[in-house]
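Undergrad: Dropping a structure here in structure tokens format, bear with me for questions.
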Amino acid sequence: MSKRDFYEVLGVPKNASDDEIKKAYRKLAMKYHPDRNQGDAAKPAEEKFKEAKEAYEILSDAQKRAAYDQYGHAGVDPNMRGGMGGAEGFGGFAEAFGDIFGDMFGGARGRGGRQVYRGNDLSYAMEITLEEAAKGKEAQIRIPSWESCETCHGSGAKPGTSAKTCGTCQGSGTVQMRQGFFSVQQTCPHCRGTGKIIPEPCTACHGQGRVKKQKTLEVKIPAGIDDGMRIRSTGNGEPGTNGGPPGDLYIEIRIKKHDIFERDGDDLHCQVPVSFITAALGGEIEVPTLQGKAAIDIPEGTQAGKQFRLRGKGIKGVRSSYPGDLYCHIIVETPVKLTEHQRKLLKELDESLKKGGAKHSPSTESWTDRLKSFFS
């Protein structure tokens, strides 16, 4: 049987944001929770959840989503997480709930019974130039990192002492609480789910068993990246608790304002000033591009605002097959600080042009006619 479209499975459009995808998955996870689907409904619910889980795993990962968007199901490995098929069993089913409900309620249950928490995601803003965005680059960044405490060797206990089993939960990290007819399992309030009590905490790490330091990370910026895009570095967020998975690091790209170019998607725009003599008589001018210099032939009688397009002189975006174009917008420059001789020459030129009327200044003549019609 062919697989359904992943966007259809989650009920979201193809341009859905990460938050929309996550919310849709949460809704399905709650709907097909095993506690809500017993008896004959259990098996169909499990299949529905597996389908939603697979869709979420692909669409929540930027690289996998890009491959799926381009090639469909053939672009992603259906066994990338080692168990989408029927052999997964209830263990994998429960593990999948840990991913989503851990986000919702703070943590999932580990195999030893202790509360397992996923680490928090980290964000990092990186500023790059337009040239670096176009070509791509490799950079180093420093981010906070947790390392095992050298004083207590990660135990959290003062040297010479050791952690004790929590007497409240007997080391399980959870306690049973009765609410009417129901018995609810909750995190032990005494040890906070660790199953251990540290009578004498290590003074270096304050009983955490780890200390915060800085680490250097190599980051590859892909060519064509645009302002506001994020790069996900899996597992480089804050570490999890009690064996929980680490969070992710999201690097947000910010592109510095350029002195010459403005970016619009894959296209670039720039303003090119030319003298009114060149605009009137025409000629060749030199313009800058990200690849170097280029020449443009300015035709005779070029007006201010005229736009010239240089194909392929823009930027090739991250998901683009071809580079964009460069648009040069002409600004006709009016001369300033004229000498008396220059003023005289311009006045003579003006008188000569006026005699030609619409022949030399079609826009001015048309404007004059419209004004006469307006005030008449």
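Every residue, even glycine, has its Cβ placed from backbone N, Cα and C.
It should be emphasised that the depicted structure is a prediction, and the values quoted were computed from it without experimental measurement.
Positions annotated as Zn(2+) 1 binding site by Swiss-Prot, on the basis of sequence analysis: C149, C152, C202, C205. Residues or ranges marked as Zn(2+) 2 binding site in Swiss-Prot: C166, C169, C188, C191. Look at Swiss-Prot and you will find 237-246 tagged as compositional bias 'Gly residues'. Per Swiss-Prot, the feature compositional bias 'Basic and acidic residues' maps to 367-376. Feature annotation from Swiss-Prot assigns domain 'J' to 5-72; the stated evidence is sequence analysis. Under the heading region 'Disordered', Swiss-Prot lists 227-246, 352-376. For 149-156, 166-173, 188-195, 202-209, the entry in Swiss-Prot reads repeat 'CXXCXGXG motif'. What Swiss-Prot lists as zinc finger is 136-214, and the listing cites sequence analysis.
Provide an account of the burial state, proximal residues and distances for the features listed.
TA: Cβ neighbours of C152 (Zn(2+) 1 binding site) (same chain, under 8 Å, six or more residues apart in sequence): K158, P159, C202, A204, C205, G209.
Sequence-distant neighbours of C166 (Zn(2+) 2 binding site) (same chain, six or more apart, CB under 8 Å from its CB) are G173, C188, H190, C191, T194, G195, K196, I197, listed in sequence order.
For the domain 'J' (5-72), the number of residues in each DSSP class (helix H, G, I; strand E, B; coil) is 54 helix, 0 strand, 14 coil.
Long-range contacts of the repeat 'CXXCXGXG motif' (149-156) within the same chain, counting only residues at least 6 positions beyond its ends with a Cβ under 8 Å from a Cβ of the stretch, are 162-163, 198, 201-205, 207-211.
Within the repeat 'CXXCXGXG motif' (166-173), the DSSP-based counts of helix, strand and coil residues read 0 helix, 0 strand, 8 coil.
Confidence for the repeat 'CXXCXGXG motif' (188-195), expressed as mean pLDDT, is 79.
Under DSSP, the residues of the zinc finger (136-214) split into helix, strand and coil as follows: 0 helix, 35 strand, 44 coil.
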Undergrad: Around the Zn(2+) 1 site formed by C149, C152, C202, C205, list the extra residues of the same chain whose Cβ is within 8 Å of the site's Cβ centroid.
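TA: These residues sit around the Zn(2+) 1 site: E150, T151, H153, G154, S155, G156, A157, P201, T203, A204, H206, G207, Q208, G209, R210, V211.
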Undergrad: Could you state the whole-number distance in Å separating the C-alpha atoms of C169 (Zn(2+) 2 binding site) and C149 (Zn(2+) 1 binding site)?
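TA: C169 (Zn(2+) 2 binding site) to C149 (Zn(2+) 1 binding site), Cα-Cα distance: 26 Å.
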Undergrad: Suppose we draw a 10 Å sphere around the Cβ of C202 (Zn(2+) 1 binding site). How many other Cβ atoms does it contain, all chains included?
TA: 22
Undergrad: Compute the mean position of the Cβ atoms of C166, C169, C188, C191, which form the recorded Zn(2+) 2 site, and then list in sequence order the other residues of that chain whose Cβ is within 8 Å of it.
TA: G167, T168, Q170, G171, S172, G173, T174, V175, P189, H190, R192, G193, T194, G195, K196, I197
